[in-house]
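Take a look at the structure below.
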């Protein structure tokens, strides 16, 4: 049975309808103005938005915790810096798996089930890490990324369909930045609490103890998904209810229906890959996420090597960047929406470019740290605004799949460009960081500039 029920009523006379309409209009006119205004304003599901925001907070904590723990991981598993790229490759592989399987699962599972599946996979990944050997530890990043791919993609698509979507998207992505701010501080404090990150308690190294906090918050994330979005088992989709079918098709063999649906999914993927706007918004995320990740990963090494900074002091400079990113996503969401999303991002790209040049060309440690923090602040609304625009680019039918693939390109940038920067730096020195970031900011701005003006909602057809 379809999730929507048609109600058939007897036709009424034109006189009756006209009388009821006049009565209805009179009753509306007699209502207080405050009541009319209150009913005209759509209600935002605050608890569900909070739950979605907390899921992004968990993702931010997990993603930003890896950086401070890398020195301990390298020593514990006796690997070199080049082999660290395997972890980033595992993260990227997880996002690719999530993007490929997302559309097929969307035809079988409800929205609640997809969120619950994503939260469960992330919790499983965290439960493996305190005790895992090297291969299992690396595989846990694949599982984690798949879970994030399911949960973040559909939470984004859901938030983009709410009233005041720019505020909701700004909030949930600000929570991600807050997680990136809190995660490294907590992980470093736990790892160094006993003086050495490799001292053991009950057979577990100190640096691994930080993953117990991640187990706790991801367990809470799973509970929030179940409470906020409903029982996933009760909303499980069957072949008959996954997609409304015509009567002749609904009575066909379920296997035939599923094969037909799979063919339609493949056709939709091909149609999406032919869309120019998909590659432009994907390039925007590819370059900008690469810039953020490369800057956050190599700025400490750069300041130590070229600003004569002390490691124990400049180690907190990335915290200023993430704090700026968090504040930017909170404070700039509304001005960006009011000024015009596409126009605002172009202006902010120029501002970020100016602060990057200040960071690069002024040989002063304090000025570099301040400029780096302001660059994070003005980068703040990029991700949420990009999602808001991207959600209007694609028809509802392929929106989740499209956003999932955009996420894959974003993660590709976050994994590829820091690795490329490191490979170049081994030969030419870490000073290559600055021209690399400059090129990435310019590349992202060009992709954004080439995106045509997007209407409030694209036509629902793929043609």
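Placed from the backbone N, Cα and C atoms, the Cβ positions cover glycine too.
What TrEMBL says about a protein is an automatic prediction, not a curated fact.
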- Task: Please find, within the list 8-33, 86-111, the residue stretch that TrEMBL describes as transmembrane segment.
- Result: 86-111
- Query: Among 49-74, 211-229, 344-363, 369-390, 432-451, which stretch has the most Cβ pairs under 8 Å to the transmembrane segment (315-332)?
  - Reply: 369-390
- Message: So if I exclude everything within five residues of the ends of the transmembrane segment (369-390), which remaining residues of that chain have a CB under 8 angstroms from its CBs? That is, six or more out.
- Response: 156, 160, 165-166, 169-170, 172-174, 176-177, 281, 284-285, 288, 292, 295, 299, 303, 314, 317, 320-333, 336-337, 341-342, 344-345, 348, 351-352, 355-356, 358-359, 362, 402-403, 406, 451, 454
- Message: Under 8 Å between C-beta atoms and at least six residues away from its ends: which parts of the chain pack against the transmembrane segment (402-426)?
- Response: 81, 85, 88-89, 91-92, 95-96, 98-99, 102-103, 145, 149, 152-153, 156-157, 272, 278, 281-283, 285-294, 297-298, 301, 387, 390-391, 393-394, 432-433, 436, 440
- Query: Which value does the mean pLDDT take for the domain 'Major facilitator superfamily (MFS) profile' (48-455) in this predicted structure?
  - Reply: 84
- Item | Leading contact stretch, 86-111, 171-191, 344-363, 432-451 vs the transmembrane segment (49-74) - CB distance under 8 Å | 171-191
